[in-house]
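What TrEMBL annotates here:
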DOMAIN    A:40-105  domain 'HMA'
TRANSMEM  A:128-150  transmembrane segment
TRANSMEM  A:156-177  transmembrane segment
TRANSMEM  A:189-211  transmembrane segment
TRANSMEM  A:217-235  transmembrane segment
TRANSMEM  A:370-391  transmembrane segment
TRANSMEM  A:397-425  transmembrane segment
TRANSMEM  A:696-720  transmembrane segment
Amino acid sequence: MTDSTYPETPNASACPACDVTPMARRLVARATLDDAPDRGAILLSLPEVHCALCITTVERALDRHPGVNSARVNLTLKRVSVEAEPDVTAEDLIPTLAAVGYTAHEMDPSALSATTTDRQGRELLMRLAVAGFAAMNVMLLSVAVWSGATDATRDLFHWISAAITIPAIAFSGQPFFRSAWSALRHGRLNMDVPITLAILLALGTSLYETAHSGEHAYFDATISLTFFLLAGRYLDHRTRAIARSAAEELAALEVPRADRLVDGREETVDVATLVPGDVILVRPGGRMPVDGVIAEGTSELDRSLLTGETLPVFAEPGQEVSAGEVNLTGPLSVRVTAAGQDSSLHRMADLVAMAESTKNRYTSLADRAAGLYAPGVHILAVVAAVGWYFYTWDVRLALNIAAAVLIITCPCALGLAVPAVTTAASGRLFRKGMLIKDGTALERLAEVDTVAFDKTGTLTLGAPELLDADRIAAEDLALAAGLSGASSHPLSRALAEAAGRLEVSAEKVEDLVEVPGFGTEGRWMGLRVRLGRAAWVGAETGTSTEAWLAVEGQTPVRFTFTDRLRPGAQDAVDGLRAAGLDVWLISGDAEPAVAAFADRLGISNVVSEALPAEKAHRLEALSSDGRRVLMVGDGLNDTAALTAAHASISPATALDAARVASDIVLLGEDIGPIADAVTTARSAVRRIKENFRIATLYNVIAVPIAIAGLATPLAAALAMSASSITVSLNSLRLR
Amino acid sequence: MEVLSFLIPISLFLGGIGLAAFFWTIKSDQYDDPDGDSHRILSDEYDDHPKE
């Protein structure tokens, strides 16, 4: 693997835009690398592998392929990585796998940063293992001390405990020390500052006590504190890592490639290597990779991802196209006008970055708790130490009591309160097909009181469906089906499908020709027949999505289409309304289409013909009314609105930029789980708050005991374990 | 009580072996594909020697 040659992922605080624009970053990374293309490994996604036989079949088939050195299936990730000679490409291997019965999709290795190893997770796991090992051994010795070991035996046990604890903490406590240090350097307080202080002070006083044959040493409490806190950190990390790798997988399945025409020959190149002036070929069904001008060919373009319009737009030479549009009928040659840094994709990144900075201002519950907790604990410890010093004039006693206060108040339960609940909640939502990308997404989702839906591609599938199919004369439908059979235009496919559903067999039409951008034409019983645009067949252009059928010498027949409802759309709208949310429909589509659609779903708050900026403004207007809005959208025109919203969801079919901008990605086709997401988020936040209350209750009981100087190491260990376990169990109650 | 001077080092040593073994499993990528590994033992290939 050559992943070390890719630039390190910039961290979120240094470069928020980099973090939210993986596509743009990948393009830049690839552009700098075009001399050394990644030939080490080909990654293929295999959604269907599931058994031992699958593994051997796939590996054997690939090993037999000429030029392949080795292949290894990863069943957990449902991927295979292939090491092969430089001239073997993914396109060669996909048919090989299809021949043995497995569908494979190429993946872009540069989009997968965490594929090889999750280094940070491993590190945390090792620290956790060391802390666990040390805690078990020290506890064993401590039980002997608690049950009455005295004098030399007690001192020996304390010394052994110290010998185990100090190196163990030096290794496993590093994440806390580092985070505390960086917070202090910037003049801030976070949860790790009291943790670090407690650990260091407890170690120091325990060591001093041990050296002076003292009775109380807190080695056991210190190390088990570290262990519990690391467990919380690791849970937190796992949740994030799973979400991140699933999001990366979605991105990696869109390999940025283009077919460049050079001297009449086609060659497949990385989108990053395109420069203005190049001519590329975009086939029907393909997405425009860059901004450009059509040089040759006529076709129709689906711009719904950019504007939300469902009506395909006619395309002819000289017309400008922008990245993200989908070519529908005929092949197009496009002269590139802007690529990489200058393209609309990159401009979108700036827009997202701007909106992102407002979202970063959200303080999570954990941060708010830490903001109250950290100063409170420090004040308590100082007051206890000073008070006891003036009462007894004994520094050693005063410090011991301060250490006991810090240990007992230390936020084991607080450190577990949030991660344990979010792990449980995101696992639950993941099983329902939802991917939580952002740590605070659940909390923000729990607060929403209004939801704004985009129409095309979100509540609908963006695929048309014939309207009133049973009211159309059977012979017209049969003829239309005959004409549309050969075409892959979405309207033709909808016609053919409607005919199949109504069991109308298609008429035989001769001399079929598809005229890109207009429709299909043929001969039927000696007459010329056409199916296509209104103007082409000599009819009046209407406002809805429609196709006309014209038989020579007869009045044209109209077929109207509507956008197909996404499965679960009605459930999602009803469920959200039942949860007490206001439902809005904000679409870029024309007014009649949007109004008809809103009626169908029973949505009364409707905005139509909204430009991208208007969508975002509308959301801002709603939030300045004191509402917290959940935006659900999929297109480039929704991206600004998705970032401006309090929380946001997009389907997996959404554009890269829209998925990146949203907090939650819906993996399946069904949109119904959105309602569940809101209720789950609400109950998760309720659990988190309960956990905080439980942790506070323990402190209210334990702190006076510690300040009174009555806390023993046994009491500290009991309080800490009991509160951590109660909090974890409470998190598991999440329904 | 003298037995403690044997038992404590022994218990630490045994625990340490477990810890070292765990480190080794992490370092040698044994948690990268748990599902695949549990299925691979059912396959007849590489029964005599592990895959390179």
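Every residue, even glycine, has its Cβ placed from backbone N, Cα and C.
Given the structure is predicted, the values throughout are model-derived calculations rather than measurements.
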> Under 8 Å, at least three CB pairs between the transmembrane segment (A:217-235) and the transmembrane segment (A:189-211) (pairs 6 or more apart)?
Replying inline: yes
>> Please identify the stretch among A:128-150, A:156-177, A:370-391, A:397-425, A:696-720 with the greatest number of Cβ pairs below 8 Å relative to the transmembrane segment (A:189-211).
In response: A:397-425
>> Let me spell it out: take the transmembrane segment (A:397-425), skip the flanking residues so only those 6+ beyond its ends count, and list any with a Cβ under 8 Å from a Cβ in it.
In response: 191, 194-195, 197-198, 201-202, 204-206, 209, 216, 218, 221-222, 225, 228-229, 231-233, 235-236, 238-239, 364-366, 369-370, 373, 377, 380-382, 384-386, 388-389, 436, 439, 442, 680-681, 683-684, 687-688, 691-692, 694-695, 698-699, 702-703, 705-707, 709, 711, 715-716, 719-720, 723-724, 726-728, 731-732, 734
> Using DSSP, how many residues of the domain 'HMA' (A:40-105) fall into helix, strand and coil, respectively?
Replying inline: 23 helix, 18 strand, 25 coil
